[in-house]
């Protein structure tokens, strides 16, 4: 399946083509910092919003209306694919995601299903709602987790600080690890394809926990599966954004796993990151999310410095180095969009 190309400022930048101004959008641009989102969350839980296409579409569209950004990332949850695999997912207040039956043994891996991804059809329905509402104004971005991050959640049973269980399995039974990672890819790839079929015109692969690894372990245990996933997504013809948190120490290795666009967190200067990969992909990022709390003069300076670092080379998409934080002043987010649009190198 290959989709017909769509023209937009954001997609042009993904392909390293010249744009009139720098495209801008934000990870977690739909979230608690917005009053409109908080009003919906007062009545509905995270998973309920994700599984109701009407609500997911409404939340996805809110930042387009409020911020006038250049892309609409679908509102969903990274861990949704683990449910059709047979795992029990819930959200505990103050704890984040909790998996009731984590994967710890060979039997656990054997029991994981890879054939029920049609149960995630509600995400595609939400994308279709958003595509209709936008009527070509901006493209929709779909997303999946990277295999290492998904495996970490599945093994740990939720978020982790040191990833002891994950690394213990990885080091002690490499065969089992590779079976698990292969199954994860076999679920994530068709899920990404279904998002493209529904109308997504780019897919972001989030490797939220990859910073737990060193360079050698990344290359050995994670990169082959990220590469396999990205190659399968790219077969649809849409650009893939590859974003890893805390990966500045092995950014070249991350890039070697693939991606039309490489997302950068705030821990490395974006010009250095781009140079490190010889400008062979577009680059996305990388304002520190906490900079959005700065007074406007300081925020203006930071935004302009970042934009100057990427110069006039086509292929920079302005974003944060991670998601927007819940307490962020919405007026500051709006100000960043205006500053990016006004910037002239």
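Note: Cβ is positioned from N, Cα and C throughout, glycine not excepted.
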Identity of the substrate-site residue among 208, 278, 281 (reference: 28, 29, 30, 31, 32, 77, 153, 322, source: Swiss-Prot): 208
Residue 322 (substrate binding site): tally of other CB atoms within 10 A of its CB: 23
For residue 153 (substrate binding site), the three-state class that DSSP assigns: helix
Cβ atoms near residue 28 (substrate binding site) (within 10 Å, other residues, all chains): 18
Length of the line joining the Cα atoms of residue 77 (site 'Transition state stabilizer') and residue 28 (substrate binding site), in Å: 11
